[in-house]
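Asker: Structure provided below as structure tokens; questions to follow.
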Amino acid sequence: MENPGKIAAATAALSYIEDNTVVGLGSGSTAKIFIEKLAERVAAENMTLTCVATSHFSEDLGLKLGLNVVPLDEVTSVDVTVDGADEVDPQLNGIKGGGAALFFEKIVAKASKQNIWVVDPSKESPRLGSFKLPIEVLPFGSGHVFNYLADMDLDPTFRMLDEQTRLTTDSANYIIDVDVSKVDDLHALGDELIRHTGIVEHGLFLDICDTLIVGEEPARVINRH
Ligand code: 5RP
């Protein structure tokens with residue numbers, strides 16, 4: 001079913017896109033709406049955009065809709081990336097990766113001059129941790145990484161496609177979801193996780209989002225100070 005908040009946020013993000021720029025295409029259902037609306041606008045206004053994608057799905061969708069989607073390494077930087085988020089706090093820190101695209105999403109975000117997140121109001125949270133934090137891990141030795149996360153009292157679970165099959169990401173890795181609701185210092189946790197061998201990336205996106213667009217009527221825009 002269509003979510004009016006996601007549509008409102010994705011629509012409002014269009015006004016941040018200028019002609020002759022490089023645009024990062026996020027992943028997830030809100031980013032999908034943005035990509036569809038962007039393609040309509042590019043065709044209607046005959047715009048010249050270069051796009052880079054944060055997942056195979058968004059790349060395929062953009063190409064199918066006629067957008068000029070190129071590999072990230074073909075651009076020197078990205079002017080603006082529009083992406084969704086799973087949970088975002090008042091400081092515009094967030095948890096991402098509900099759609100398992102966090103690794104490419106973070107690489108594109110770090111290459112972007114401006115990161116805009118488009119969310120419906122349900123994603124706002126006074127404190128991060130109600131959404132489970134996705135952690136992307138190499139399949140090799142992932143049981144040991146799982147045990148390390150269990151020893152940290154993070155209640156890990158492998159993300160599954162079905163009872164027998166672990167989900168694999170666009171990079172053929174696994175996702176382990178953990179509970180960070182009892183963690184006070186998420187910056188310290190993020191630093192520790194990324195240093196642990198076998199962890200490829202985590203879904204803590206701290207100090208990355210510049211502008212949050214919350215899908216209300218009218219859309220609410222919050223800029224990072
Ligand atoms: C995918 C993501 C998405 O941006 C996040 O899950 C939000 O998705 P949606 O817009 O469908 O709620 O991080 O890895």
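Backbone N, Cα and C atoms are what each Cβ position is placed from, and that goes for glycine too.
Positions annotated as active site, proton acceptor by TrEMBL: Glu105. According to TrEMBL, the substrate binding site annotation covers Ser27, Gly28, Ser29, Thr30, Asp83, Gly84, Ala85, Asp86, Lys96, Gly97, Gly98, Gly99, Lys123.
How about a rundown of where these features are and what they're close to?
Answerer: Taken residue by residue with DSSP, Glu105 (active site, proton acceptor) is part of a helix. The Cβ of Glu105 (active site, proton acceptor) has Gly26, Ser27, Thr54, Ser55, Asp83, Lys96, Gly97, Phe205 as same-chain neighbours under 8 Å, each 6 or more residues away in sequence.
Cβ contacts within 10 Å of Lys96 (substrate binding site), excluding its own Cβ and spanning all protein chains shown: 30.
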Asker: Considering all pairs of residues in Ser27, Gly28, Ser29, Thr30, Asp83, Gly84, Ala85, Asp86, Lys96, Gly97, Gly98, Gly99, Lys123, annotated in the record as contacting substrate, what is the maximal C-alpha distance expressed in whole angstrom?
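Answerer: Pairwise Cα check on Ser27, Gly28, Ser29, Thr30, Asp83, Gly84, Ala85, Asp86, Lys96, Gly97, Gly98, Gly99, Lys123 gives a maximum of 15 Å.
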Asker: Running a distance check here. Ligand 1 versus the binding-site residues Ser27, Gly98, Lys123: which have CB less than 6 Å from one of its atoms?
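Answerer: Ser27, Gly98, in sequence order.
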Asker: I need the neighbours of the substrate site defined by Ser27, Gly28, Ser29, Thr30, Asp83, Gly84, Ala85, Asp86, Lys96, Gly97, Gly98, Gly99, Lys123. Which other residues of that chain put their C-beta within 8 angstroms of the C-beta centroid, in sequence order?
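Answerer: Output for this site, in sequence order: Gly26, Ala31, Ala101.
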